[in-house]
Amino acid sequence: MSKSSTVQGAPTQSSDPFVMDLKKIREDARKHMSDGPVTQSYGADRETVLKLCNDALATEIVCVLRYKRHHFMAKGINSEAVAAEFAEHAAEEQQHADSIAERIVQLGGEPDFAPDGLKTRSHSEYKEGANLTDMIKENLIAERIAIDTYREIIRYLGDKDVTTRRMFEEILAVEEEHADDMADLLEGRE
């Protein structure tokens, strides 16, 4: 066995030395103070990110509206439990919308709550559903659409906007739970 200067299990050092020009960082912070949290090192195209966020905001609002309608319109056997699930999901989708709107403002944009454009900006459609099974199916479809579109947004953001990416990762995890809930409710209904 040969002797090595590296201890097994010890963290390895990066070949890139850590260099930080604190003086420049301080100057830039003062100079660009009006940009809020978006600093010179922000790597994403802010306008693209704002559009993606506003489209996701529309998606979440449409989901809130659909889940709310389904909550109030749920009828039939076991409808109380399903209606309660719809109400819970509506509240969580509202939290997502609020988080996205807050991030839009942090990035220097304006959240677009205009009702006229919600349907065209939303990734998912607003489908009412004729009965409880249709409602569950429409919500499952909408959740699957949100899952795929949010994965694409996360992929696009990568390391260019870690804060927005993490927000979408957290939302994605909840959307996956929602899809699982809807799939469970659908089981045995067809």
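Glycine is treated like the rest: Cβ placed from N, Cα and C.
According to TrEMBL, the protein carries these features:
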DOMAIN    43-190  domain 'Ferritin-like diiron'
BINDING   E60, H96, E143, E175, H178  Fe cation binding site
Secondary structure content, the domain 'Ferritin-like diiron' (43-190) (per DSSP, counts of residues): 114 helix, 0 strand, 34 coil
Other same-chain residues whose Cβ falls within 8 Å of the Cβ centroid of E60, H96, E143, E175, H178, the recorded Fe cation site, in sequence order: C63, H89, E92, E93, A142, A146, I171, V174
Spatial neighbours, same chain, of H178 (Fe cation binding site) - Cβ under 8 Å, 6+ residues apart: H89, E92, N139, E143
Residues that sit under 8 angstroms from E60 (Fe cation binding site) by C-beta distance, when 6+ apart in the chain: E93, Q94, H96, A97, I100
Greatest C-beta neighbour count within 10 angstroms, which of the binding-site residues E143, E175: E175
